[in-house]
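This report concerns only the one structure given below.
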């Protein structure tokens, strides 16, 4: 048998160390190589698509043209390892470490409180580190650009930006630093505050304590690589894997020969297009050609009439090249270049722009390409090359549509792109509208160019191209031809819109839907272009006294010309200073950094999947249903079991104990109830083998009727998960008869994906004896995992130990679901006798796990003309998915919390959970409150509109004013609620800004501002006493050090930090003497889920109890030797045989609810708050800009203001995502489309309000909690609705001006599509509903 040809050695450096990899597999990415081969687990796996930035690392290469070293950030999950020949990679471990030296970037992000769960932190650190390697004193704009490709789900970004801003040169920080005042503070004396301003602190960290950045201390570029780069080897490198061969030629000649020999082989540059396609669409290429070492493809040449850019240049390089050209040439010549630059700023994230090549972008011809429409109208030419020679083809609509006659021949490659200069009287513009401002694929984009006859307004040439409206970039050629010779005026505009809509006709099934919205954008963009050209002509006319007279633009229209800028968030965080008499050693009430903050920043914090491979470990991958409702006829495993490396396939038959519950099976048996229902699980030696085996499992289904997807379907089929929940007070029917007016309406709230950065993962290790199991799992409820595994395996709970070190974000999504994955993995471990690792990839996690319950609500509200609401009747339905899960509880909580802050005498609230064929929805931060209360607040807005009053007046009129009882008869005092409301009005200068908003709206037709202020009464806790119990175990060792364990899990909310603050105060020793190792069911048994905002409350009480028991035991010793040290006392206690270990216990807050009577005391206490937000909306595109948000939150006596403010900001931004950009899309067959960060948009750093102020209200009451603190984990979520109501306020202003009378249905999220279509105008009227 002939020996397979040998592979070349792959040589590159990681963190200054040489790596020589023989027999490298081209299918291996840098991420898996770093994590598995080098055990560098600081670089995290979160999405696998380059969309979240968690795996960001820095690559350094010598640029052959400039002979300089280029440092750039990339996402390691997309980079094929073979592309790194001769490169130096720096990971977070190479930047700094706790054991050696911290880098200033790492120190500052941790000490600025820019880490919570810490899973995204290494990626953030690497993006900032790369920026500082290139620009040691960056501008704010560069900082925002560097972080634009990094997602964070916990912090709300503000503290991350604050840490980066400490490096910036023209930091726009506060000019009055150190004075205790702030330039953002509203003037005037603050009469409503109970405390003097001197008791209020606005510093969460001390900037002067940071170590300075010293660029001379950085890792140097390896001299060996420098020598390799200066004298490059010209030979072709070949890397052969099992299925794929990677060929990297050293010269252009060799590349062309290879392309002729392998015409089917694609050229792979950044892998940003091929990579995802190979992963998700199953594209496979046995040979890949890499042009990375060919300098001709990176050449740039400038001529008098244009610019030629090599196809191998990255988009980031293209951006720099164009920016340089724009600065050198007169404005009239750079129209096309400026249009391209505009789109390059928002195209993907910085890491993708660093990887993706210009040639790859053009050749991929994605229908949503941002650059191709501009290049097409700008008359760009493609320079092709092959062994036959060179030729040019125009980059026009025929090429973009992929017509064979004008395409590349198989043996040709794209060498460079020629982009001509623009001329005088030529105008080029670019437009795009996406779900959010940054790092999002455009819904529609466009390039437009017009040439006018000199000195006139007659069209000489016109070209328009659109992306996103068809299978390829669409050129509106016919329309353009018909408009040539027409004058540039209103009549032409009308005609152009008509022609464009005829020509660019979207079928009703267009890709991605949104048909009317896209059609509206087609004409809205042209209108913007029309105005832009008029504006440019105005400038030209200034220099030509006797020129043609052009149409005037009315002042009201001018704002349509400006795009929203991307700006960094600034703001003030205010909290109560600790009492001056408090001991300096006592950390309670101080902004202490998160215990793991520095470890998060160095990548040394170990998460579940960072645990090194265990001996004989196997990998598990789940197989899920592809049908929404079907009978399983057969499951054929034979082909899968024959594959190499596959050990077994686990099915429901392998379960020794119970398969979940009757209603909620772990694995489907005879019937599947949703797409994503788990059927079986493959166990194999590697992840790759397990994944390929899942494709070979043949499942035969028989579809069942009905398939219920939406709430409306469920209502129609009477499909519900549990009985109706109802609360009533007063006499609603009678009240409706006596009111002045009645309004009825509907509210729709979409679901929400948790999008914790760390997907669900578990490692199960079977022990050699007694059927013991060790389970390492990312969960909020280890005891539930333990119980579920016990019943599934039919072994006692005491044999199973669950360990939780830390969780990379939970938000409710890791309460119930991890038990399912833990149990299935445990069955695999018991059956095979091997340890099992199960790590869900992002798309499976999003598909299987369910999220927040979508809601449909109907309201009927009766009120007097002065705005007093007399009666309110709300009926709501939530989409529970296919199993009960938490849906009944969510419905109960939703009903209990619906009244929010309002005292309405006659109320009727009803709620049902619908059963549908979607994955079961589950707990999510806020637990029903963020959806339900949106109905209540929508009622208020509707009443305000009917009374002709402002919504805030209606809110004030109907708010609780005095000690009172809720609808479920629980007594409370609204004093703090009113203080929060008044403080928020005051801190936000609400009334004066409201007038400015109205003034702005009078002067601007196409841009509208909106403002809203929302009060909140949020009830904390579970509505059952037993769920409020907690335990802790505290050991004091003979050297005086203390180990604390408790039942709470560290999810990023800083619970371990707070527990050590409590223990430090109670034992009166410094925090440095205390340690928490992990949460484990072996140390603290029978714990309750860390959820419902009360983790720190109840566990704090348990820790306090344990510490007090220990101190009581030590009392006689301390009395005997009051001058002794802590160590002396402990030593003496040991000598005297006093136990130095104690269990602390808290029996819980009393809480109960009687649904029969509709009354109870379900909640231990309330958190009050208020938020005011101001936005500006672009009525032509539906985009919005968040201008300012002020939040006042009642934290009472905060245990740790830095952590609490972080929780408020993070939950606010998460709520803002729920109400504005996060949209889950399903096919009619129940398949989830949005299965990753490409399609599902959580807020990015560009979405944070430009000014973002948070104040913790100085304490006044004393709730029954630890040191009178309050749990703030969830309450901020609903305050995100202030942005939603500000948007609807702006939309209402637009509709009033356009005389659109009928009410619009409230729909969340307020996406650009909804906003644009609600701002009805002449352009939306042009687009009758498309038939298709």
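Even glycines carry a Cβ here, placed using N, Cα and C.
Now, the feature entries from TrEMBL:
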{"type": "DOMAIN", "residues": "8-95", "note": "domain '2Fe-2S ferredoxin-type'"}
{"type": "BINDING", "residues": "47, 52, 55, 77", "note": "[2Fe-2S] cluster 1 binding site"}
{"type": "BINDING", "residues": "117, 120, 152, 154", "note": "[2Fe-2S] cluster 2 binding site"}
{"type": "DOMAIN", "residues": "239-424", "note": "domain 'FAD-binding PCMH-type'"}
{"type": "BINDING", "residues": "267, 268, 269, 270, 271, 272, 273, 274, 370, 414, 432", "note": "FAD binding site"}
{"type": "BINDING", "residues": "780, 811, 925, 1092", "note": "Mo-molybdopterin binding site"}
{"type": "BINDING", "residues": "927", "note": "substrate binding site"}
{"type": "ACT_SITE", "residues": "1274", "note": "active site, proton acceptor"}
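Everything TrEMBL records as a feature, shown here on the structure.
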{"residue": "47", "record": "[2Fe-2S] cluster 1 binding site", "Cβ within 10 Å": "26"}
{"residue": "52", "record": "[2Fe-2S] cluster 1 binding site", "Cβ within 10 Å": "31"}
{"residue": "117", "record": "[2Fe-2S] cluster 2 binding site", "Cβ within 10 Å": "30"}
{"residue": "267", "record": "FAD binding site", "Cβ within 10 Å": "22"}
{"residue": "269", "record": "FAD binding site", "Cβ within 10 Å": "26"}
{"residue": "271", "record": "FAD binding site", "Cβ within 10 Å": "25"}
{"residue": "370", "record": "FAD binding site", "Cβ within 10 Å": "26"}
{"residue": "925", "record": "Mo-molybdopterin binding site", "Cβ within 10 Å": "27"}
{"residue": "927", "record": "substrate binding site", "Cβ within 10 Å": "25"}
{"residue": "1274", "record": "active site, proton acceptor", "Cβ within 10 Å": "26"}
Counting other Cβ atoms within 10 Å, pick out the least crowded of the binding-site residues 55, 120, 152, 154, 1092.
1092
Could you check the binding-site residues 273, 780 and say which one's CB has the fewest neighbouring CB atoms inside 10 Å?
273
Within 10 Å of the Cβ of residue 432 (FAD binding site), how many other Cβ atoms are there?
26
Where DSSP helix means H, G or I and strand means E or B, what are the helix, strand and coil counts for the domain '2Fe-2S ferredoxin-type' (8-95)?
16 helix, 29 strand, 43 coil
Applying a 10 Å Cβ distance cut-off over all chains shown, what neighbour count does residue 77 ([2Fe-2S] cluster 1 binding site) have?
27
Just give me the nearest neighbour of residue 52 ([2Fe-2S] cluster 1 binding site) among the binding-site residues 269, 271, 1092, Cα to Cα.
271
Neighbouring C-beta atoms (10 Å sphere around the C-beta of residue 811 (Mo-molybdopterin binding site)):
30
Could you give the Cα-Cα distance between residue 154 ([2Fe-2S] cluster 2 binding site) and residue 271 (FAD binding site), in whole Å?
29
So which other residues, same chain and not among 47, 52, 55, 77, have a Cβ within 8 Å of the centroid of the Cβ atoms at the [2Fe-2S] cluster 1 site?
31, 44, 45, 46, 48, 49, 50, 51, 53, 54, 75, 76, 123, 842
Nearest of the recorded positions to residue 271 (FAD binding site) by CA-CA distance, picking from 77, 925, 1274?
77
Rounded Cα separation (Å) that holds between residue 927 (substrate binding site) and residue 811 (Mo-molybdopterin binding site):
10
Work through the binding-site residues one by one (47, 77, 117) and name whichever has its CA nearest to the CA of residue 432 (FAD binding site).
47
Cβ within 8 Å of the [2Fe-2S] cluster 2 site's Cβ centroid: which residues qualify beyond 117, 120, 152, 154?
115, 116, 118, 119, 121, 153, 155, 757, 808, 809, 1052
Can you tell me the mean pLDDT for the domain 'FAD-binding PCMH-type' (239-424)?
94
Among 267, 269, 811, 925, 1274, which are recorded as recorded positions, the nearest neighbour of residue 47 ([2Fe-2S] cluster 1 binding site) by Cα:
811
Express the distance between the Cα positions of residue 152 ([2Fe-2S] cluster 2 binding site) and residue 55 ([2Fe-2S] cluster 1 binding site) as a whole number of Å.
13
Minimum Cα separation from residue 370 (FAD binding site), reported as the residue among binding-site residues 77, 117, 780, 811 that achieves it:
77
For residue 120 ([2Fe-2S] cluster 2 binding site), the one of 55, 77, 269, 780, 1092 that lies nearest, given that the binding-site residues are compared by Cα:
55
Quick check: of the binding-site residues listed here (55, 117, 267, 269, 273), which one has the Cα closest to that of residue 1092 (Mo-molybdopterin binding site)?
117
Using Cα coordinates, what distance in whole Å links residue 55 ([2Fe-2S] cluster 1 binding site) and the residue listed as 'active site, proton acceptor'?
28
C-alpha spacing of residue 77 ([2Fe-2S] cluster 1 binding site) relative to residue 925 (Mo-molybdopterin binding site), in angstrom:
29
